[in-house]
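Q: The structure that follows is given in the form of structure tokens.
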């Protein structure tokens, strides 16, 4: 069996990147160095893998779910001592043995596992990761990136926007048309870079946890005014005091509140709750 005889499996969300310009762009933004230990998720036919291995790096470790591709990939890169391959599902694979070595994560993400992948590699509010990733480069569904980068007042703004922007620096590199893939997906993709914030640059862990809860409650009822969503965690009296002392308009809807104001609101909620205990 060879790559030409391998048929993509729809259940794995396989859309292989075939646009050489985008492959080169991913390599360029990765800014690879000799010390880099790269984790590539879903190498597929190995087109991007080949580009990355052309650079001097310490190691490229790839994880591929499709068992039919394992022998093909091992054969393709059999002469490259910096390449290693593991068969498995990235959502359940134990990375403990290599996690502290990994410096960069690169992937063309299957659309159906975008959320869990972001949680694992970019991180979550209220959880300080022990990973050493300095750069995460993902090719993702465009509308997800639009939501992640949305600012207050934008209809795309949501809990994901606030969470992701609070734990990482994010750069949109370029949009990628369906024709860049085999087979072409139905939607555009976007190449995006996440640079996770170091622990010392993050908010206080207790504040992050409270803010995460506040975002979940608020955006679950995004059509409601903040005044009406807070009643599940604060009394009517507390909400009234908060609205009088806060710089936030409590008649605003969640998507209209800036990240800085979300932080101030969480701080104020914690303060008033502690005072009344």
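Numbering starts at 1 and runs along the chain as it is shown here.
Keep in mind that glycine also has a Cβ here, set from the backbone N, Cα and C atoms.
A quick note: this is a predicted structure, and the numbers were derived from the prediction, not measured.
The S-adenosyl-L-methionine binding site annotation in Swiss-Prot covers 15, 17, 42, 64, 89, 108 and is backed by sequence analysis.
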Q: According to DSSP, collapsed to three classes, what secondary structure does residue 108 (S-adenosyl-L-methionine binding site) have?
A: strand
Q: Tell me, by DSSP, whether residue 15 (S-adenosyl-L-methionine binding site) is helix, strand or coil?
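A: Reduced to three states, the DSSP call for residue 15 (S-adenosyl-L-methionine binding site) is coil.
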Q: Tell me the Cβ neighbour count for residue 108 (S-adenosyl-L-methionine binding site), meaning other Cβ atoms within 10 Å of its Cβ, over all protein chains shown.
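A: Other Cβ atoms within 10 Å of residue 108 (S-adenosyl-L-methionine binding site): 27.
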Q: Given a separation of at least six residues and a C-beta threshold under 8 Å, show me what packs close to residue 42 (S-adenosyl-L-methionine binding site) in the same chain.
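A: Looking at Cβ-Cβ distances below 8 Å from residue 42 (S-adenosyl-L-methionine binding site), excluding near sequence neighbours, one finds 14, 63, 64, 65, 90, 107, 108, 109, 110.
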Q: Fewest neighbouring Cβ atoms within 10 Å: which of the binding-site residues 64, 89?
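A: Fewest other Cβ atoms within 10 Å, among the binding-site residues 64, 89, is found for 89.
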Q: If you measure every Cα to Cα distance among 15, 17, 42, 64, 89, 108, the residues said to bind S-adenosyl-L-methionine, what is the biggest one in Å?
A: 20
Q: Cβ-Cβ under 8 Å from residue 17 (S-adenosyl-L-methionine binding site), same chain, 6 or more residues apart: which ones?
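A: Within the chain, residue 17 (S-adenosyl-L-methionine binding site) has Cβ neighbours under 8 Å at 23, 44, 47, 48, 108, 139, 176, 180, 181.
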